[in-house]
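Some notes on the structure that comes next.
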Amino acid sequence: MAPNIRKSHPLMKMINNSLIDLPTPPNISTWWNFGSLLGICLATQILTGLLLAMHYTADTTLAFSSVAHTCRNVQYGWLIRNLHANGASLFFICIYMHIGRGIYYGSYLYKETWNTGIILLLTLMATAFVGYVLPWGQMSFWGATVITNLFSAIPYIGQTLVEWAWGGFSVDNPTLTRFFALHFLLPFLIAGLTLIHLTFLHESGSNNPLGITSNCDKIPFHPYYSLKDLLGFMLMYLPLMTLALFTPNLLGDPENFTPANPLVTPPHIKPEWYFLFAYAILRSIPNKLGGVLALAASVLILFLSPLLHKSKQRTMTFRPLSQLLFWLLVTNLLILTWVGSQPVEHPFIIIGQLASLSYFTILLILLPLTGALENKILNY
């Protein structure tokens with residue numbers, strides 16, 4: 001019998017073990033679709049980004065007009081740009097849902113997979129931030145100024161660090177050129193980290209909604225989940241195309257249609273919607289260093305999830321009290337996102353402070369306590 005190339009060829013064997021014959025739990029729900037959706041998002045972003053980079057000029061005098069030129073004169077340039085800009089929003093929707101799934105179903109107990117995932121999130125945030133600066137509109141310029149300036153809160157080396165990052169004494173041409181270089185480089189770093197993330201995942205196999213081992217009744221990934229993922233792709237591309245074709249500027253800031261002007265500060269400087277929750281936490285502390293630390297903690301707190309798991313059950317499927325807290329946390333993040341988009345005035349200041357406090361309280365105190373309480377109730 002002729003050897004099966006899919007199982008004998010070194011490269012094909014690797015692909016086969018990752019995407020075709022991969023043993024998968026039979027009961028994973030649609031919440032497990034987001035990993036593959038993130039992969040498709042990354043591929044879409046790299047492709048559209050590459051096409052945009054061919055027409056972009058990383059120079060303060062030309063950046064804004066080169067983007068306008070892409071939209072006006074390049075064949076389907078407007079579509080490529082709209083897909084790239086809105087694709088970033090979809091990327092973040094998928095990654096936040098992916099993380100939410102991880103918290104709900106206790107996937108963070110696969111520590112290596114979880115930690116590489118958080119590093120992926122941080123890299124994605126950095127990529128999105130430097131990318132937002134490239135069109136060189138008002139919000140691009142001032143967003144870059146405000147966010148990079150936060151590093152000056154670091155004692156002793158802060159100011160030097162910021163000037164080193166800027167390549168001068170303010171955000172200017174050197175800043176734009178290096179941000180373009182970084183924005184081109186980081187997605188490939190994300191792709192590399194994704195492979196590491198998957199390697200760790202395939203060491204242990206996927207978790208499932210029951211949080212119990214499913215080794216005895218696993219099914220092959222293809223055709224079952226390859227088909228299920230295909231449905232996910234279609235359901236994701238539908239809102240992306242709708243956004244890009246009907247309301248491409250819905251999630252953008254009107255301020256960015258004005259070319260960058262260092263002499264005019266926009267009335268409300270705010271980042272893209274996917275950073276607003278962290279921005280609200282940053283603003284809710286009336287001290288620069290304190291705010292920066294809270295901002296960092298808002299994402300880095302995820303590293304503590306495996307250590308704060310006190311329940312004897314892995315998932316929240318059969319833990320109604322923890323479920324209540326989880327959905328409170330989700331609502332809390334939505335409130336923070338809304339507050340981050342509002343001006344710094346009453347009542348938004350106090351709402352933001354309370355929401356920030358409850359965000360950390362739920363994650364650090366209430367969830368572990370509830371896990372322990374549920375153990376007690378169930379006589380574990």
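Note: Cβ is positioned from N, Cα and C throughout, glycine not excepted.
From a predicted model like this one, the values you see are computed outputs, not experimental measurements.
The following features are taken from Swiss-Prot:
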type: TRANSMEM; residues: 34-54; note: transmembrane segment
type: TRANSMEM; residues: 78-99; note: transmembrane segment
type: BINDING; residues: H84, H183; note: heme b b562 binding site
type: BINDING; residues: H98, H197; note: heme b b566 binding site
type: TRANSMEM; residues: 114-134; note: transmembrane segment
type: TRANSMEM; residues: 179-199; note: transmembrane segment
type: BINDING; residues: H202; note: ubiquinone binding site
type: TRANSMEM; residues: 227-247; note: transmembrane segment
type: TRANSMEM; residues: 289-309; note: transmembrane segment
type: TRANSMEM; residues: 321-341; note: transmembrane segment
type: TRANSMEM; residues: 348-368; note: transmembrane segment
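H183 (heme b b562 binding site) carries a helical DSSP state (H, G or I). Away from its own ends, the transmembrane segment (321-341) comes close to residues 100, 103-104, 270-271, 273, 275-281, 283, 311, 348, 351-352, 355-356, 358-359, 362-363, 366-367, 370-371, 373-374 of its chain (Cβ-Cβ under 8 Å, at least six residues beyond either end). A helical conformation is recorded for H202 (ubiquinone binding site) in the three-state DSSP classification. When each of 114-134, 179-199, 289-309, 348-368 is scored by its Cβ pairs under 8 Å to the transmembrane segment (78-99), the top-ranked stretch turns out to be 114-134. Calculated from their C-alpha atoms, the gap between H183 (heme b b562 binding site) and H98 (heme b b566 binding site) amounts to 23 Å. Of the Cβ pairs linking the transmembrane segment (114-134) with the transmembrane segment (289-309) and spaced 6 or more residues apart, 3 or more are under 8 Å, so the two regions touch. Rounded to a whole number, the distance between the Cα atoms of H84 (heme b b562 binding site) and H197 (heme b b566 binding site) is 24 Å.
Cα separation, the residue listed as 'ubiquinone binding site' to H84 (heme b b562 binding site), rounded: 30 Å. For H98 (heme b b566 binding site) paired with H84 (heme b b562 binding site), the C-alpha to C-alpha distance reads 21 Å. H98 (heme b b566 binding site) counts 20 other C-beta atoms within 10 Å of its own C-beta, drawing on all protein chains shown. Fewest other C-beta atoms within 10 angstroms, among the binding-site residues H84, H183, H197, H202, are seen around H202. Classification of H197 (heme b b566 binding site) by DSSP places it within a helix.
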